[in-house]
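To keep things clear, I will list the structure first and then write my remarks on it.
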Amino acid sequence: MAPAQSDLCRLTGKAPRNHQHESVWSRLLLACSVLICSLVFFLLVLYTFCDSASLPICHLPRLWLTRPCNGLSKSPSLGVNSATCPQWTALHPTKHRGLSEDLDVSYSSEDFKQRAIQVLGDAVRVPTESYDDNGPVGEDSRWDTFAELHRVLEASFPRIYESLNVTRVNTYGLVFHWQGSTSAKPYILAAHQDVVPVEAQTVDEWKHDPYSGYYDGTWIWGRGTCDDKSDLIRQLLAIDSLLQQGFSPARTLILSYGFDEESKGIEGAGHLARYLEEAYGRDSFALLLDEGSLYTDMGGTVFATPSISEKGYLDVEITLSTLGGHSSVPPSHTSIGLLSRFIAVVEDSPHQASLSRTGTPFATTQCLAAHHPMYPEDLRKLARKALTDDAALKVLQERLLASDPLYKAMLGTTQAVDLIEGGVKVNALPERASAVVNHRIAEHSSVGELQQHMIDLLTPLAIKYDLALVAFGSNVTCGGAGQVVLSDFLGTALEPSPVTPTGHGPWAILQGSIKAAFESSPARNNSKVVVIPSLSIGNTDTQFYWNLTKHIFRFSPSFDTDRFNGEHTINEAFRADSLSEGVRFYTKFILNVDESDLP
């Protein structure tokens, strides 16, 4: 006998069915199902086509459009705040898990630390200085010191020189080719061998000789310890350790080491990039990792900030030429006086900053708002609102610019008058005077836009003083009192770099490897690590590699506090404990890229 209706309801927890209401609810459920399916279909289409499409919605911050880590055979999962700043979990090698864990133990040993200290010190003891006025290789003997560094590297890493193919490009550029067993796209680890010169008059101000490589128990002292021999040595130590354990890569790895990054990069990375493009072709590499941003501890949370783009560069020389003569009968304005007026106009007309939702600084800001534990709450709310509200975006820009001068450099083109010259004698009218204005071009601007800005800005002044204006090879105005010429000083104009995509396989591998290195470190495994994209306001050798891959990252695995006094200054020193930790990161990264199913 079937139970009574009330008993059935009590057993199942269901109320008696009302057939009149049932049809209404059925229609409502059907409508909701259709809506949900439509939304899912829309997102799938968006995820599929936004990489190549130019739809307006595709230009909203990629932070919220990020999809799971395609290009990985083992996808890390997303953590908190993934809507505005996706955080992949730590990515540990799986096929080579045992190897990775064994090397973790090795890297924590005192023997390994001492070896790392020794080989970095040996490299620092070779003064591989590069100068702005270096001549071509083969014509300037100052390059010859790099031959000694090569002898030091070969003596320190004989296993690498025996196992990898080594090619010297333009004599002192180094390419190490570690052949993989598959046809997957190779990838590049880059660093540079050269250092900024030490000014002779500052040597006495160093705690230890700038080329001593001295280890005091905490710091390794000398020029290049921070920039960039520590990265170069840590990469080689990771590869040497993998070779020692019998590792053989599936994916080909290229090491590319230039030797004039601190000057122009043309002799080193310029030649290396051409060599690699000729050997492999355009867009032939899965990714490239070069020196760049560091770790920073912010309120107990460690932020790793790999740069995914760089600002552009242009030095504009302003040259004034007027008639000379005796200074006892001067004109109203000498060439120096006129030049000072042009400089004043330039400095009184700074470039406008712009916070754009499509720009890297906006992505960085969203990540800080999402993850910085001490971020002001009102600014956090404003950042979230700025995702879709134009008025909030403008207020956010104003607040950021008022909070830190660094934002001015991040959000706009900067200018600085750095060089000036004119006159040869106190009683002779100067026939020529010149100044150089250094510009770092905003991510959203271009060399051409900056040049036009300078022309528009200075043309009225040239007309006022009856000067002929020649700007970047074109005649702009005529005049009889003299001439003003705007030119690209030393021909170093550089467009802002392409922006590396985030949310794809390469970015997720980098992010996951950084976190895995922290988790595996006895010294750092209690730290919370957040990896966020950033803009580099300086330039690196990566400017020469744009044709090789769309995935270029600039990151050095060390803390800002691992550098005693920074780089390019007196008392450059690197914390010894950071050597092993950097090797740990490079090892995880190499193994994770090797195990990935990136193209």
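Any Cβ shown, glycine's included, is placed from N, Cα and C.
Residues Glu262, His568 are given by TrEMBL as Zn(2+) 1 binders; from Asp216, Asp227, Asp231, Asp297, that same site also lists Asp227. Record note: TrEMBL gives Asp227, Asp290 as Zn(2+) 2-binding, and the candidate from His192, His208, His326 in that site is His192. Mean pLDDT across the domain 'Peptidase M20 dimerisation' (308-465) comes to 97 in this model. Cβ atoms within 8 Å of the centroid of the Cβ atoms of His192, Asp227, Asp290 (the Zn(2+) 2 site) belong to the same-chain residues Ala190, Ala191, Asp228, Asp231, Leu232, Gly258, Glu261, Glu291, Thr540, Asp541, site residues excluded.
When the Cα atoms are compared, Asp290 (Zn(2+) 2 binding site) and Glu261 (active site, proton acceptor) turn out to be 12 Å apart. The Cβ neighbour count for Glu261 (active site, proton acceptor), using a 10 Å radius over every protein chain in view, is 28. Take the CB of His192 (Zn(2+) 2 binding site) and look out to 10 A: across all protein chains shown you find 28 other CB atoms.
When the Cα atoms are compared, His568 (Zn(2+) 1 binding site) and Glu261 (active site, proton acceptor) turn out to be 13 Å apart.
Just so you know, the Cβ of Asp194 (active site) picks up 30 other Cβ atoms within 10 Å once every protein chain is counted.
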